[in-house]
Amino acid sequence: MPVNLTPNAISAVIGGDLNLKPLVQVVDIKLIGSSQDRYRLLISDSISTQQAMLATQLNDRMKTGSVRKGSVIQLIDYICSTVQNRKIIVVLNLETIIPDCEIIGNPRPLMESDSAPKPLLSGDSMGPPRNVISSSVPMNSGSKMQNARSTVVQQSYQPRPTVQPPYQPPAPNYRNHGAIVKNEAPARIIPIAALNPYQGRWAIKARVTAKGDLRRYNNARGDGKVFSFDLLDSDGGEIRVTCFNAVVDRFYDSIDVGKVYMISKGSLKPAQKNFNHLKNEWEIFLEATSSVEVCPDEDSSIPKQQFSFSRIIEIENTENNSVLDIIGVVTSVNPSVPILRKNGMETQRRVLNLKDQSGRSVELTLWGEFCNKEGRELQDMVDSGFFPVLAVKAGKVNDFSGKSVGTISASQLFINPEFPEAYSLRQWFDSGGKDTVSQSISRDIMPGGKRNEIRKTVSQIKEEGLGRADKPDWVSVKAYVSFIKTDTFCYTACPLMIGDRQCSKKVIKSGDTRWQCERCNQEFEECDYRYLIQAQVQDHTGLTWVTAFQETGEEILGCSAKQLYSLKNDEQDDGRFEEIIRQSLFNQYLLKLKIKEEMYGDEQKVKITVVKAEKVDPSSESRYLLDLISNVSQQRL
């Protein structure tokens, strides 16, 4: 079946026709780019060929084979850009008409002269060309007439074109608009998903969904300041915008979360994925010539926010430092505590727990201002007996001793939001979900191990050679703490923050009143105290030594290391100190243990670390034993 490509489509598109929607053929495909796959096409209209770049959102067309060499396609949405003084067509959307076809015609590369406008010459029957001198010119002009005739003939002669002249768009009408500089016509509004560095002029209309704090930095180039904000358009496209130094002064105060802006004249650069969690390979950097104009009229087609919620059970298999959205019911809120950051500034930290229908719960750590505003509001609700639904936009996953989620500067919290997911959670929780048992994935699950609890006895740890493989073993043991060393139960630790975590490295005295951290290379007046407990645990099969750090030490002893250190060394209240130690002994705990063989000098020893210590709950333990009996009975049948 003969296929008719759109005649002179290449020259028309290069000439500026963005509404043609031509039929063209793919005659070659080349994969370029290292960090991000991009496809360069050579397209043909059967007469001319032209380089084209495929927008990354269309990469799946190449990977699935719906577009390949020989395919006849229709360009639905496209722009023409100049890159290094060369024209290139950027394809934003297309339709595959014929997946596979022989190369049509004998196309050749389009030369710049081919895309320039040419006069349409008349045939012989149309009379003489307009520029040729007619017979009415006097004949007595002598040599002057001969020279003039020669000149005019040379100017008027043009070879007859073999194809239809290229499309030449009408010039824009700027009448009554005053003087206008070349290329200063308003840029065309395009979707965020269509943005790419190959565009010369663009504009986007989008809503600000998040605004970062103003940050100051110092590097080899000197001092500077930076802030970023996130945009969302009506097509669901998201992108981050970043401003530096003088541009910060120009735009920081004018950017408000929730407002819609028209933005143009920025530069696009690859997104820095270490700091940018949005699903866009590009990031906009505003410059001195950039334009940011607020849209006075509300645009209901642009959503207020966009979420991609992950269930809590899915966080178990999520990589560390990933940024995601979660939603759950707040079941507990801890008090806010002050934390000293590495830069010497004090901030706040507050930990709360979320649960959802997946049967899992997770710790959410609030940092900074989140502790005071939303954190206090959540605590008041929970204290009054009401358990609110909380949606978290852009929370960061941490895999230290289990999985948890923490807020970052780009995070947003929504209390009892009007989302379908929130309504579903509320209905589930109120109709019985409140009383369902949820397994915590924060310090309660053994990372790298099986999700189901593995119970062992103390004697089995040695008999089965646990901890001697390449990876550590994670098991649970029901045992009593029978002895705690009290001569060295804690160490002096660095209180500074590195990112969203405390440094906690051991510090040394620097003079009489100051402490120094070699890791942070800073000094401070007060240090922190953290547990490093050596204890014996035993069950009905034997006993073994274990090590417990800060969180598990507090669970066993019931107070902080700083309080216990002060009681023993500052107040020298030996009676009270011994009472606390005595009350912590011979209580039955469900101990989550990490067992790993490590080198001590020239000798290898198995080290057992207590990841979490829970006092045995009779009800939960009874259910566990009943299930165990039931499983054994079924196996015998």
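One is the number of the first residue shown, and numbering goes on along the chain from there.
Cβ atoms here come from the backbone N, Cα and C positions, even for glycine.
Just so you know, TrEMBL annotations are computer predictions that nobody has curated.
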Correct range for region 'Disordered' (source TrEMBL, candidates 108-147, 148-187): 108-147
PLDDT averaged over every residue in the domain 'Replication factor A C-terminal' (474-625): 88
Three-state composition of the domain 'OB' (204-283), taking helix and strand from DSSP: 9 helix, 42 strand, 29 coil
Structural state census, the domain 'Replication protein A OB' (313-416) (DSSP three-state): 17 helix, 56 strand, 31 coil
